[in-house]
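Student: When I checked TrEMBL for this same protein, it listed these features:
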- T11, R15, T264, G307, G408, N412: ADP binding site (BINDING)
- T11, R81, E82, Y133, D242: sn-glycerol 3-phosphate binding site (BINDING)
- T11, T12, S13, T264, G307, Q311, G408: ATP binding site (BINDING)
- R81, E82, Y133, D242, Q243: glycerol binding site (BINDING)
- 4-249: domain 'Carbohydrate kinase FGGY N-terminal' (DOMAIN)
- 259-446: domain 'Carbohydrate kinase FGGY C-terminal' (DOMAIN)
Amino acid sequence: MSLLLALDQGTTSSRAILFTERGEVVASGQRPLSQRYPEPGWLEQDPEEIWFSLWAAMQDCLGAVPNATDRIVAIGIANQRETTILWDRHTGRPVHPAIGWQCRRTIPICQKLREDGLEPVFHEKTGLVLDPYFSGTKVAWILQQRPELRRRAERGDILFGTVDTWLVYRLTGGRLHRTDVSNASRTLMFNIHDLTWDEQLLQILDIPPAMCPEVGASAGEIGEIDRQWLGRVIPVTGMAGDQQAALLGQGCLKPGMVKNTYGTGSFVLMNTGQRPVPSRHGLLTTVAWSISGDVTYALEGSVFASGAVVQWLRDELQLIGRSEEAEALARSVPDTGGVYLVPAFSGLGAPYWDEGARGIITGITRGTDRAHLVRAALEAIAYQSRDVLEAMREDSGLWVEALRVDGGAAKNGFLLQFQADILGTAVERSRNLEATAWGAALLAGMGRGLLSVDNLPAGLGFDPPFLPEMEQNIRETLYRGWKAAIDRARS
Ligand SMILES: Nc1ncnc2c1ncn2[C@@H]1O[C@H](COP(=O)(O)OP(=O)(O)O)[C@@H](O)[C@H]1O
Ligand SMILES: O=P(O)(O)OC[C@H](O)CO
């Protein structure tokens, strides 16, 4: 039986998963990935570690099944988006640490662009807002700090890429400098209407066009991995940003369908079909994918910290030993006792876009214990998703009837029940929490001509839904308390 290899390079780990064409998982490998915080609000990763962790995950995955490599017919890549890498075209070596998507170092650049009245032009052309989240100001920052790199970039000697581009470059033995439209749409330099790097925006950001990768479709003949990695030449035929891949992997193929992936952050995406829907309520307009010449767009609410708050409870506060403990602790108390925790570690993303906001905990009394704090942290993940879905209703006129969910934190049943309660909407958990990887596998299968977008395999289906049980007046009282806490966290 032929197999599809999905490579999912996420913020906290790299994964390789082998799928059958029907969506069964044959084997998987996962390696953790570290993050560095060199200054408050800054976040970096090591591009070599990103690559190595993915390579090692591939070896773990393929080592588990005899002769698996011979049966792989196509490879698909999904990746953490916006994270910015610059490298030397000649040596293939990074010239700067990767600047992570949550990194806030470019706040002053964004402020200056706003003062110059440039926000509308960026918004109209890219569908994004001026926030340090996106790659453009990260590239601009490196070039401002390192004039010698700018000179070399102008000569075409320094290449820019998001993580997909970096991985494809390495996988193909340095032969390909390429991205896809879904990743390009996260850079603040890409025009989502004519699907090209935008000369005016590049000029404003002072970024030499020669640095930018070629942009292609999300499925099709992309390249071939070098024989040295798996002992065989295998075609790469799918690539997309991880959140767009999850939208596909969750089967959200029709306009109006919505998914939420709870990983480091939460990313709610609504398929809006073949037209970009501009947002007036703090959402992003973004490219979902391009398949067989058809471009699909999405509305997105990006929340910067969701699963990250659980990591923070575990690693920094040491209130829990393992992420899984959060659920039982949250259930051990009937409510948070009035405590709200706003995890604005990297400012607030959608729908507030407040780069200066910082995390707060409100409503603490002498009786507050760690269970209340842990519960407040999990509830915050759900409140933030409601904020985004409220904005989606304003923009699209639609209130989601059912929210499809996946990602690492979607393992948490307490979180999903509270999510259903606070939305008043059914929450459907995918049986395959690795919807991102499955989306990458689907793209690879389509790009190889094995699957068609009109007739995609359904994957593994859903668990019984989490249905709302909370009374309406309690739901709205709790949500009002959240909005008050948000007001206090804002800059
Ligand atoms: N049982 C759990 N309850 C809540 N959060 C969890 C649980 N297990 C894992 N997480 C969170 O899920 C995130 C990892 O999910 P994953 O989808 O792998 O993220 P990413 O792709 O961003 O690396 C981490 O932030 C972790 O804290
Ligand atoms: O690595 P994840 O799954 O948290 O995804 C990160 C997003 O792509 C950032 O935009």
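Every residue gets a Cβ built from N, Cα and C, even glycine.
Context for these features, please: burial, neighbours, distances.
Tutor: Under a cutoff of 8 A between CB atoms, and with a sequence separation of 6+ in the same chain, the neighbours of N412 (ADP binding site) are A326, E327, L378. Following the DSSP three-state reduction, the secondary structure of N412 (ADP binding site) is coil.
The Cβ of E82 (sn-glycerol 3-phosphate binding site) has 26 neighbouring Cβ atoms from other residues within 10 Å, across all protein chains displayed.
Packing around Q311 (ATP binding site) is summarised by its Cβ count: 17 other Cβ atoms lie within 10 angstroms of its Cβ, all protein chains included. Look at Q311 (ATP binding site): DSSP puts it in a helix.
Under the DSSP three-state reduction, E82 (sn-glycerol 3-phosphate binding site) is assigned to coil, being neither helix nor strand.
Mean predicted confidence for the domain 'Carbohydrate kinase FGGY N-terminal' (4-249): the pLDDT average there is 96.
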Student: Taking the residues R81, E82, Y133, D242, Q243, which the record names as binding glycerol, find the longest CA to CA distance and state it in Å to the nearest whole number.
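Tutor: Taking every pair among R81, E82, Y133, D242, Q243, the longest Cα gap is 15 Å.
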Student: Using Cβ atoms only, which residues of the same chain lie under 8 Å from T11 (ADP binding site) while being at least 6 residues apart in sequence?
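Tutor: Within the chain, T11 (ADP binding site) has Cβ neighbours under 8 Å at L33, Q35, Q80, T83, G100, W101, Q102, G263, T264.
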Student: Other than its own, how many Cβ atoms are within 10 Å of the Cβ belonging to D242 (sn-glycerol 3-phosphate binding site)?
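Tutor: There are 30 such Cβ atoms around D242 (sn-glycerol 3-phosphate binding site).
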Student: Which secondary structure state does DSSP assign to T12 (ATP binding site), in the simple three-class scheme?
Tutor: coil
Student: Which of the three DSSP states, helix, strand or coil, fits Q243 (glycerol binding site)?
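Tutor: Q243 (glycerol binding site) sits in a helix per DSSP.
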Student: Cβ-Cβ under 8 Å from Q243 (glycerol binding site), same chain, 6 or more residues apart: which ones?
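Tutor: Non-local contacts for Q243 (glycerol binding site): R81, T261, F267, L269, E300, S302, T436.
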Student: Around the recorded glycerol site, report the further residues of that chain (criterion: Cβ within 8 Å of the mean position of the Cβ atoms of R81, E82, Y133, D242, Q243; site residues excluded), sequence-ordered.
Tutor: Q80, T83, W101, R186, G241, F267, S302
Student: Around S13 (ATP binding site), how many other CB atoms lie within 10 A of its CB?
Tutor: 17
